[in-house]
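Listed in Swiss-Prot for this protein:
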DOMAIN    39-148  domain 'tRNA-binding'
DOMAIN    401-476  domain 'B5'
BINDING   ASP454, ASP460, GLU463, GLU464  Mg(2+) binding site
DOMAIN    701-794  domain 'FDX-ACB'
Amino acid sequence: MKFSELWLREWVNPAISSDALSEQITMAGLEVDGVEPVAGAFHGVVVGEVVECAQHPNADKLRVTKVNVGGDRLLDIVCGAPNCRQGLKVAVATVGAVLPGDFKIKAAKLRGEPSEGMLCSFSELGISDDHSGIIELPADAPLGTDIREYLKLDDNTIEISVTPNRADCLGILGVARDVAVLNELALTAPATEPVTATIADRFPIQVDATEACPRYLGRVVKGINVKAATPLWMREKLRRCGIRSIDPVVDVTNYVLLELGQPMHAFDLNRLEGGIVVRMAKEGETLRLLDGTDATLSADTLVIADHQKALAMGGIFGGEHSGVNGETQDVLLECAYFNPLSITGRARRYGLHTDASHRYERGVDPALQHQAMERATRLLLDICGGEAGPVVEAVSEKDLPARATIALRRDKLDRLIGHVISDEKVSDILNRLGCQVTQTADGWQAVAPSWRFDMAIEEDLVEEVARVYGYNNIPNIPTQAPLKMTQHREADLALKRVKTLLVDHGFQEAITYSFVDPKIQSLIHPGEDALILPSPISVEMSAMRLSLWSGLLGAVVHNQNRQQSRLRLFESGLRFVPDQRADLGVRQETMLAGVITGTRYEEHWDLARQAVDFYDLKGDLEAVLALTGKLSVLEFRAESHPALHPGQTAAIYLAGERIGYIGVIHPELERKLDLNGRTVVFEVLWDKLAERVVPEAADISRFPANRRDIAVVVAESVPAGDVLAECKKVGANQLVGVNLFDVYRGKGVAEGYKSLAISLVLQDTARTLAEEEIAATVAQCVAALKQRFQASLRD
């Protein structure tokens, strides 16, 4: 938003420089983007009057004038402007004047005629780009007055960035309020006494869409002269705010917009039929706008209509048919409050962005409409003449926004600001901001002013107090955050340690979204319900993940599509399982997962290209599990999982509790996901592994170890792991190593059976074992296997 510094100082004039004012406005939260002078650097230009104006004898486009500048004689000046005429008050650069660009005025002859100065245009004084003619000053402009003083050109245009929450500052009034508060000054607002109606004409107003338009004011003004000239002072104020003068009616509404921040509109009364109806548009209804374009309206667009047709898009843009033109004599002034939600997004939908929509989208003071109507009426009557009727109002009080009542606690204020501001100062600041303040036992209760709809919660008041008090006035106290060192438990297994191990095994860490495609997730976890997001980023990211596999498999497909065939990825993160017994109905569990695909080794001239298999990933996972020191109670059991190959899947158990799965992706799922080649995955509950068994130091036995090998025949259904576990249990005291080193099926072994070759390593820490003791332990193992598994020694 642009505005004139002098216009602002008409409302509130702190005794500070322009630079200090800009700094103050910025620190108040209205960032100043730029400050520019309203005119170029010049001097020696005064008000003059063209006393005589005659055609130049030697040039068709020049005129010879005699100009009175209040001196003891008339000046002879040659002028080429087409609007130069007798009796016109003009800006005269006298001999010795210096114009922008260091252009010095000297006495000279132009085509044989003497010229003792120059009649100036706006562009020649660096005021605007208008070079169509010389400046036309009001008839009452005093002769000889310095033009800088008369036009108040020692002024600056200040441009600020107004944040969406401070729509009240989209007008001089709002900025002036803030400056007044910061400097503890009173506002000097222009008089807006109610205009007495001199005619009884009323125009009916009916508001059907009361939620979208809780308040609508209309006023008939008849007999205006739309061809009257807009006063120079108003045109200059508009120009300094970046608004071009159009005609007095539009200029008045724009002036009120800039001054008060209240958009207004004027209809040609004689083009309206029946009365004003504020309603929602009919689907497909068309409206020709003021810029000549046609808009096809949607049913959620607010329109101002008469009894026959739509006249304007409410709060956005007027229509061509009912607009004011050069023949207009009677107008209906409109001033309304529109709900921001009824305007937001509508202008962009139609490719529009207007000053009105910019303000209505952010919110306009719902108590401002009467003041704006009276101000606009008075200005219009003063400039264009005419007679005004009474103000007609349609209002729905229940749909107007209520002023927020907010409690501010003393301890909350002190805690958030970090500095104690006296009670009297806080009350004074809130009162100056326009709040109705009541002091309570633990702080204050404030009713926000109607123009501050961004004041809604306690933190808003804290922010306002700090802003007005001045951030620079709050002492700079270094933040203190005492850190209490927690004792490190030796039994804790750090996730970072596991990640390092996996990286050492050739894995790369992946980080995928917690939001996944529900269709893909249902393929991996059929029949399981997931949390569905009410407002997802996209349909493909609308469900919370039930495992890390969805993201990891998606990463595999993504990389395979980019010619990366050999992949080893792992990820740690939360999964989200609906559970009514958990807090907020969702159980969040930290998981560790991995995936491998492609070849077992990087391409090498001496290594065969072998695809990864179940045991490759199982070995990597066992290395991770070994860090827990719980291998003795960890177990892999053949089980099924809907996402995994029925013959190459195992559940992972820790002390009898299932903590995860490992397996090859099911061929059907592999096809549906467009995976290229065998893919092996695992996933375990991290919390079950996060505590390790602390190893205890033990002496290395000084006595020899003895190995004995046995081959036992068991049924095909007997897991080798169970056989090894039974051996460990029987020889617990002296059996220090049990290992399966061969599996045989074939000649000499009956169908449905297998031969397991097992090495038994026996050792004692106190003595050398005798052969009889070794043989007895081996015999106990064989007997135990025979009893539990009906095993027999292979011949």
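Residue 1 is the first one shown; counting continues down the chain.
For all residues, glycine too, the Cβ spot is worked out from N, Cα and C.
Features recorded in Swiss-Prot, as mapped to the structure shown.
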{"residue": "ASP454", "record": "Mg(2+) binding site", "Cβ neighbours (10 Å)": "18"}
{"residue": "ASP460", "record": "Mg(2+) binding site", "Cβ neighbours (10 Å)": "18"}
{"residue": "GLU463", "record": "Mg(2+) binding site", "Cβ neighbours (10 Å)": "16"}
{"residue": "GLU464", "record": "Mg(2+) binding site", "Cβ neighbours (10 Å)": "22"}
8 Å Cβ shell about ASP454, ASP460, GLU463, GLU464 centroid, Mg(2+) site members excluded: ASN165, ARG452, MET455, GLU459, LEU461, VAL462, ARG467
Whole-number mean of pLDDT values that fall within the domain 'FDX-ACB' (701-794): 91
